[in-house]
Amino acid sequence: MSETKNILLVGVGGQGTILASKILAHVALGQGWDVKMSEIHGMAQRGGSVVTQVRIGTKVYSPIIEPGEADVLVAFEQLEAYRWIHTLRPDGTVIINDQKIAPLPVVAGAATYPETILDDIRAKVATAIVVPALSLATEAGNSKATNVVLMGVLASVMPDVPAESWQEALEANVPVRFLEVNRKAFAAGFACER
Amino acid sequence: MQSSNLTKARRLLMGNEAIAWGAIAAGVRVVASYPGTPSTEVTETILRHAKDYQIYAEWSVNEKVALETAIAASWSGARAMTCMKQVGLNVASDPLMTLAYLGVKGGLVLVVADDPGPHSSQTEQDTRLFARFAKLPVFDPATPAEALALTQAAFELSETLQVPVILRPTTRVCHVCQDVAFTPPARPTEPRPATYFEKDPKWVILPALSAKKHRWLNAQQEAMRQWVNERQFNRLITAEPGQGAATPLEGNHDAPLAIITGGVSLNYIRETLALLGLSLPVYHVSAPVPLDVAPILAYLQGKQALLVVEEQEPVIEEQIIVALQRAGNPLPVYGKHSGDLPREGEFSLDLLLPRLQQRLQAAGLLASPDQAGIAVESVTSAALPPLPLRTPILCAGCGHRSVFYAFSRATRSKKSVFTGDIGCYTLGAMPPLNATDTCLCMGAAPAMAAGFSHVEPDRPHVAFLGDSTFFHSGIPPLINAVYNRAKMTLVILDNRTTAMTGHQPHPGLGITAMAEPTFLPDIEQIVRACGVQWVRTVDAYDLAATMAAAKEAIAHDGVSVVIARRECVAIVRRLGTYRIDQEACRLCGICLKKYGCPAIVADDSAEATDTNPPVRIVPEKCFGCGTCAQACPFGAIVREEI
């Protein structure tokens with residue numbers, strides 16, 4: 001890695017973006033890189049839109065990723081991918097969990113959930129990887145491991161990071177009793193078809 | 001990429017964890033706090049290690065009590081700390097202002113977290129201004145690594161000069177994680193020596209002492225500046241503060257434009273300069289109050305302009321403007337007063353880049369706007385339709401929802417006013433409940449309902465606040481309402497925790513922050529002791545009982561209190577799931593459009609109709625509270641038998 005890499009994780013409160021970002025930051029730390037990670041807490045667990053910013057590199061000053069500066073956008077939900085797509089560089093990669101979670105205005109009939117998200121994004125972005133992370137996690141044994149499936153996909157686009165670094169990060173951040181399920185989920189994400 | 005030196009243990013530390021470890025390393029013995037975003041994790045980290053390091057830590061009922069607890073520890077000779085969010089200092093300001101005069105014995109540090117943006121606060125107030133008001137030193141860390149170092153320094157300064165010291169991190173320090181070279185200090189093996197409070201008139205504030213101590217505090221300002229100056233907390237940047245080997249910045253020291261930064265702005269400015277390919281020195285201020293202007297004036301000799309970059313208020317800028325004026329130096333100063341930078345919100349590269357470019361060009365340091373070819377290009381979102389907002393909502397199964405719904409049904413036809421308060425239940429203001437008409441600050445709901453009743457006696461006035469907020473500042477206004485013959489109803493939403501900030505314990509739970517069992521007061525008894533004649537405790541999940549209580553309570557001539565109890569869904573197990581009986585459902589839309597539980601959604605698989613859409617309950621989200629089944633007029637929501 002020659003310069004700073006900006007990775008934005010976006011999703012819905014309760015989807016595990018913060019644990020995912022901790023795994024990612026742990027990996028970066030293991031590589032001896034500078035890490036800055038910024039989260040906004042507060043109401044995160046109450047179903048709001050959540051974003052975590054991770055910047056890694058030789059020397060990282062700002063903890064914030066500016067619009068148009070994300071190398072990788074990891075979206076845990078379709079609408080959130082759309083909401084944050086402006087943060088991606090034109091040559092960046094977006095990883096999208098194909099899950100849809102309707103926000104309250106949609107549920108209450110005051111707004112509609114956009115139907116063309118995936119097609120629109122594919123037309124705009126150099127690399128769009130859409131994965132059924134929720135079903136892959138469920139197959140691995142726990143739907144809550146959706147976040148780790150997405151870390152597996154992320155690992156597959158960061159080939160210069162050795163596989164054992166990710167395994168170490170999983171062990172350091174996941175409770176022992178869930179480790180096996182999460183290893184499976186990670187492998188499923190890493191190997192899944194694009 | 002070269003791996004950096006790993007000889008020192010490098011850990012990923014959140015800013016708030018770094019502050020806690022700084023305090024532990026400084027030998028803190030007492031920590032008393034009230035939770036509030038973005039400050040909460042400081043005390044939570046202390047609590048995790050309290051027993052190992054022989055620290056007494058508590059969640060106090062409010063910030064004033066927390067500070068007073070810490071003051072007692074300090075006057076006994078122990079190092080003490082109190083942590084709160086910026087608006088918490090408003091509550092703690094009364095003891096703080098006098099403490100500034102009386103001073104401390106053991107080092108005393110107030111961690112007051114500011115929240116420019118704001119992300120999760122009711123104001124964007126700048127605690128550095130509070131420090132100026134109280135004439136106390138404040139440290140303003142730029143990174144978690146610097147927060148670790150400045151926390152330790154704050155204890156030392158406090159004890160040396162016998163003044164309390166404020167550490168003011170912002171959200172982008174508190175909730176930023178960074179790799180920090182750090183090893184936890186060794187755990188004490190022996191019991192720590194006892195402290196002893198020495199009786200002395202100097203601890204008793206009386207007007208004669210005030211006059212004397214005010215002069216003392218003013219005289220201490222010079223000592224504060226001197227102390228900071230010796231440690232070079234305000235400095236020309238040569239290396240990342242708190243980091244390993246220094247890498248001298250090969251800056252253009254002859255540049256005609258000087259740049260001074262405060263707090264997190266340093267990060268954005270260094271990033272912006274790197275982006276522009278410029279190697280300019282930056283004078284960084286970590287100790288903005290009282291600002292030691294002498295070295296800054298010396299640095300500004302020969303400069304043609306100054307740009308001051310600090311979030312929120314022009315605290316550094318104004319002190320420099322005064323110093324320049326007194327020195328007869330006509331140097332132009334750009335910042336807030338010039339209109340270059342806003343006083344509101346957070347800074348970012350996007351915000352700073354054009355403003356910095358303009359000043360750099362004027363100084364002849366930058367040829368043209370695109371010198372570095374950094375016109376930001378992005379995957380545009382301009383073509384996107386307006387996206388539905390995803391704001392936070394009350395959880396599925398939250399007892400606040402059913403109580404708001406019940407009170408709205410029971411009283412809204414009478415044009416009732418619902419005064420709200422600070423907590424998860426502030427979300428009651430959101431559609432479809434729309435059940436909060438006012439929200440001001442902690443503990444305001446009962447006082448405001450009483451206040452309204454004196455000017456609009458013919459409307460029902462209903463105040464809502466949570467259990468933790470009741471203990472924080474809800475009891476005095478309740479006594480006031482009874483005493484002053486208000487006609488109002490107080491609803492205490494007792495969910496058995498401090499939910500919003502992450503489930504801290506409080507006096508209503510029978511357990512301390514250190515996980516020790518303690519006396520469990522009965523809220524109903526407290527309410528009766530305040531003089532309230534009409535009190536009823538209901539199950540928040542019993543809609544009929546809550547509605548009946550609501551009707552009786554607002555009919556009562558005087559102050560009435562309804563205690564609606566149900567544990568926060570985040571701290572108890574699910575009760576099961578419910579489903580829609582599609583045969584019985586009449587598509588009235590009440591559950592979907594009036595009740596607003598996130599587990600109840602329109603059924604996409606069903607055919608579109610002209611009426612309300614068919615609904616379904618998402619089993620993974622449903623908590624099983626069954627309140628929607630009570631709200632359904634057709635009995636079409638039924639418990640799923642497992």
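Think of each number as a place in line: the chain as shown, counted from 1.
Glycine too: its Cβ is placed from the backbone N, Cα and C atoms.
Taken from TrEMBL, the feature domain '4Fe-4S ferredoxin-type' applies to B:576-605, B:613-642. According to TrEMBL, the [4Fe-4S] cluster 1 binding site annotation covers B:Cys585, B:Cys588, B:Cys591, B:Cys632. As annotated by TrEMBL, [4Fe-4S] cluster 2 binding site applies to B:Cys597, B:Cys622, B:Cys625, B:Cys628.
Same-chain neighbours of the domain '4Fe-4S ferredoxin-type' (B:576-605): 393-397, 401, 405, 431-433, 611-619, 621-624, 626-629, 631-640, 642, counting only residues six or more beyond its ends whose CB sits under 8 Å from a CB of the stretch. In the predicted model, the domain '4Fe-4S ferredoxin-type' (B:613-642) has a mean pLDDT of 93.
Long-range Cβ proximity for B:Cys591 ([4Fe-4S] cluster 1 binding site), meaning a same-chain Cβ under 8 A and a gap of 6 or more residues, is found for B:Cys597, B:Ile600, B:Val615, B:Cys628, B:Ala631, B:Cys632, B:Ile637. Under DSSP, the residues of the domain '4Fe-4S ferredoxin-type' (B:576-605) split into helix, strand and coil as follows: 6 helix, 6 strand, 18 coil. Counting other CB atoms no more than 10 Å from each candidate's CB, the binding-site residues B:Cys588, B:Cys628 peak at B:Cys628. Here the binding-site residues are B:Cys585, B:Cys597, B:Cys622, B:Cys625, B:Cys632; the one with the fewest Cβ atoms within 10 Å of its Cβ is B:Cys585.
Distance between Cα atoms for B:Cys625 ([4Fe-4S] cluster 2 binding site) and B:Cys585 ([4Fe-4S] cluster 1 binding site): 19 Å, as a whole number. Here B:Cys622 ([4Fe-4S] cluster 2 binding site) is positioned 18 angstrom away from B:Cys585 ([4Fe-4S] cluster 1 binding site), judged by their C-alpha atoms. For the recorded site, B:Cys628 ([4Fe-4S] cluster 2 binding site), the DSSP three-state label reads helix.
Take the mean position of the Cβ atoms of B:Cys597, B:Cys622, B:Cys625, B:Cys628, the recorded [4Fe-4S] cluster 2 site; other residues of that chain with a Cβ within 8 Å of it are B:Ala396, B:Gly397, B:Tyr578, B:Tyr595, B:Ala599, B:Ile600, B:Ile617, B:Phe623, B:Gly624, B:Gly626, B:Thr627, B:Ala629. Across the structure, B:Cys588 ([4Fe-4S] cluster 1 binding site) and B:Cys622 ([4Fe-4S] cluster 2 binding site) place their CA atoms 20 angstrom apart. Highlighted in sequence order, B:Ile580, B:Arg586, B:Leu587, B:Gly589, B:Ile590, B:Leu592, B:Val615, B:Pro633, B:Phe634, B:Ala636, B:Ile637 have their Cβ within 8 Å of the centre of the Cβ atoms of B:Cys585, B:Cys588, B:Cys591, B:Cys632, the residues recorded for [4Fe-4S] cluster 1, and are not part of that set.
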